[in-house]
Amino acid sequence: MSIHEWFLRKKTEKQQKNGASERLNIPENLWLKCPSCKSTIYIKELNENLKVCPKCDFHFRLSASERINLIIDSGTFKEMSITLKSTDFLGFVDSKAYNKRIDEAILKSGLNEAIVIGEGLIENIKTVFGVMDFSFMGGSMGSGVGEKFTRMIEHSIENKIPAIIATSSGGARMQEGILSLMQMAKVSAALGRLRENGLPYIVLLTDPTTGGTTASFAMLGDIQIAEPKALIGFAGPRVIEQTIRQKLPKGFQRSEFLLEHGMIDLICERKDIKSTLAKILRFFEE
Amino acid sequence: MKEINNETKNLLYFEKDLKDLYQKITELQKLSEKEDLNLEEEIRMVKKRIDTMRQEIFNKLEPQQIVQVARHIMRPSTLDYINFIFEDFIELHGDRNFGDDKAIVCGIAKLNGQSIVIIGHQKGHTTKELINRNFGMAHPEGYRKALRIMRMAVRANKPIISFIDTPGAYPGIGAEERGQSEAIAKNLREMSIFTVPFISIITGEGGSGGALGISMGNRVLMMEYSIYAVISPEGCASILFRDSSRANEAAKVSKITAKDLLGFGIIDEIIKEPIGGAHNDYEATAKNIKTAILKNLNELSKFSPRELVADRYNKYRKMGIFTE
């Protein structure tokens, strides 16, 4: 069996097992250590608690499909541009060929790109919703993510419905060179149009959101919501530490820090996100 | 700026073969003084030889060598160019919220009698100057100052020229506290709807979001030996190759030179530099920049405000390569 065939078989197996994409696919009879409070949690309990640690409130990362299930009314999500994929136009090879990285990310996440976009209802209110998946190359933004985000905003303008994005991204996808940087310009220009059309744009920042993603669409919401303790920043903490050669203050670049400094509107517990979004949408609807 | 030519200390590592020739000039000059000989012809010949050799070297620069030219300590940045290109320049300071960021300079001026707004990164040619300008790495207040002045240009219906030369936006505690990402993001969104002609020129280092934050022009021009990248070759090598000494490779594969980016349709034009790069002749370089600005402004002046916005939107809208 060639490696390619092996991957294909693995992919089919995985899809059969999980339906769409499932990140924390650990059998339900297992225990897990919370990375924040180090206490041992029963995974079933964690899942029932929307992947929030019952002991310390640590918010585990969600996959795109988990996020959709959390926020969009059941059965109403109509995905758009499903087949859109990144391509290795530079022939970029670091420790691995970018081509191969894309294939692996597709297998690992069950998605074609680091963002899923579509139309759906939130408590019966029509929205266009985008969600990033960190398991796909760290949610990085290349041409694929930039294009899909732009289409989502254009869909919002054409159909006069509000746009919501849940972010989770390390920033620009370096394997696409300058074109990844240009996506920042492209998505921001789309948001310029959205704004001129008077449509609301809401951002839900989840852990982590940094780099070119924050320096473009993730910080341009009319309303900025963040999950508790999410890492949100321009430069990564390691880069800053290396630059200034001193330890960073506790809680630096976390949601609470951003709220304190006036960079976001509110922090919202995972269980309250859907109802909060619905309230905001109803405000704009009237 | 001819005296810089004679300073061998400013030679880049791949120009070291020129060192002997420069020494020869010094020797000839000394000899001519001492013996009262006329050696002008000999000196001229050596200088000519230097130019030829330098041209040969520069004709086949590797991407990582171009990076070194783009970062040369004597490479001109915004304030060095302004007096050669514009008249009646007045610098305008401050973001009206927090402070005045010296890494970005802004101002108003005339270009052949036409009112123009100028935005640009400023580095320096000595350690002291570089520290004062934070090596051209702006904080949020720099981007907010630039936005304030650019919006003024839009209200006054005057074209905007931005000069880009930065390693990147500054990664520090204060920058994060004051919203570095928000400042850049907002600039991107606002620049996309400017109703005036907007030309951006990458003069040295076009360092990622820090560069893009003031460079969403209708036309983006690049100096022959400048670079424009999503991450520095060193950063790319250290993150992706886990070895910062592999910057050469990273520079090659990331396609960051003017020639590469013209091929990708990311930039519109390359501005020629004098032999050995912009730092060897500020005036000649500025003249080439001025010619390019005038040509592009002339073309953009035929656009209506609405067409300028549409032109800019379409320019960035079509950037991206993917399959479906």
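For all residues, glycine too, the Cβ spot is worked out from N, Cα and C.
Annotated domain 'CoA carboxyltransferase N-terminal' per TrEMBL: A:30-286, in sequence order.
Summarising the environment of A:Cys34 (Zn(2+) binding site), the number of other Cβ atoms within 10 Å of its Cβ, over all protein chains shown, is 17. What TrEMBL lists as Zn(2+) binding site is A:Cys34, A:Cys37, A:Cys53, A:Cys56.
What TrEMBL records for A:34-56 is zinc finger.
In sequence order, A:Cys34, A:Ser36, A:Cys37, A:Ser39, A:Ile41, A:Leu46, A:His59, A:Phe60 are the residues of the chain that are 6 or more apart from A:Cys53 (Zn(2+) binding site) and have a CB within less than 8 Å of its CB. With a 10 A radius on its CB, A:Cys37 (Zn(2+) binding site) counts 13 other CB atoms from all the protein chains. Across the zinc finger (A:34-56), the model assigns an average pLDDT of 92. Excluding A:Cys34, A:Cys37, A:Cys53, A:Cys56, which define the Zn(2+) site, the same chain contributes A:Pro35, A:Ser36, A:Lys38, A:Ser39, A:Ile41, A:Pro54, A:Lys55, A:Asp57, A:Phe58 within 8 Å (Cβ to the Cβ centroid), listed in sequence order.
Counting residues per DSSP class in helix, strand and coil order gives 6 helix, 4 strand, 13 coil for the zinc finger (A:34-56). Counting only same-chain residues six or more apart in sequence, the Cβ atoms lying under 8 angstroms from the Cβ of A:Cys56 (Zn(2+) binding site) belong to A:Cys34, A:Ser36, A:Cys37, A:Ser39.
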